[in-house]
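Quick look at what Swiss-Prot lists:
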ACT_SITE  S18  active site, nucleophile
ACT_SITE  D189  active site, proton donor
ACT_SITE  H192  active site, proton acceptor
SITE      G50  site 'Transition state stabilizer'
SITE      N81  site 'Transition state stabilizer'
Amino acid sequence: MSALKRVIWPQIILFGDSITQFAFQANGWGSELCHKLERKCDVINRGLSGYNTRWAKIVLPRIVPVSDAPISAVTVFFGANDCALEDKNPTQHVPLQEFSENLKDIVRFLVSKGVSNDNIIFITPPPLLEADWEKECLLKGSPLNRLNSVAGQYAQACVQAAGESGVDVLDLWTLMQKDGQDFSVYLSDGLHLSDKGNQFVAEHLWTLLERRVSDLPFILPYWGDVDPKCPESSLLCD
């Protein structure tokens, strides 16, 4: 009997901080992507809570490639920690210009590993609800260490870096505040996403991802198409 051809699932890699790490929780935006891409693609979570782009750039070569499977898309979702105020949270803070260069370096590395620019999507940090996040900080014995206006500067830098790198971008900071809407419904603690926030990200990200994955086939035959008398003829064919 000839060697069996291994079935390879294409991959979508989610690379980011805690907002990505938590994306596979119930009602998370990553979980929604998994649901949409069942039997077509593996959605791989590489979210690292608390990380900034400085640390992300260092560990990226240890994360990508995951395997020899083709990569259909990579999301790069940082900025919520980079934008921490330097005088209040120097550990996570990354200066604005360095943040921008780190994002571009991440793209260069991914491209060097065979990921096309067209398959990379930046996601900006969401807006920050300062009153709610201050409560979280005070519970930990710290003063407010982020500002929405500063998060906006990092979001703008992310959008600009995306343009300079030739990659797509989902500008959450702008979209969640569009037309003066109450963005508090999108946040659970002033920084991280609520169920509605996760739904918002999933819906808007899917509009960018859909064309990149629309041609992915259903992997392995539908059960009703398997020949019950000789299943091998259905299941072992290329």
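Placed from the backbone N, Cα and C atoms, the Cβ positions cover glycine too.
The 10 Å shell around the Cβ of G50 (site 'Transition state stabilizer') contains 12 further Cβ atoms across the protein chains shown.
Taking all protein chains in view, 13 other C-beta atoms sit within 10 angstroms of the C-beta of the residue listed as 'active site, proton donor'. DSSP assigns H192 (active site, proton acceptor) to coil in the three-state reduction, placing it in neither a helix nor a strand.
For S18 (active site, nucleophile), applying a Cβ distance below 8 Å and a minimum sequence separation of six or more within one chain yields G47, L48, S49, G50, A80, H192. For N81 (site 'Transition state stabilizer'), the same-chain residues lying six or more positions away in sequence with a CB closer than 8 A to its CB are D17, G50, Y51, N52, Q92, V94. Under DSSP, S18 (active site, nucleophile) is assigned to a helix (H, G or I) in the three-state scheme.
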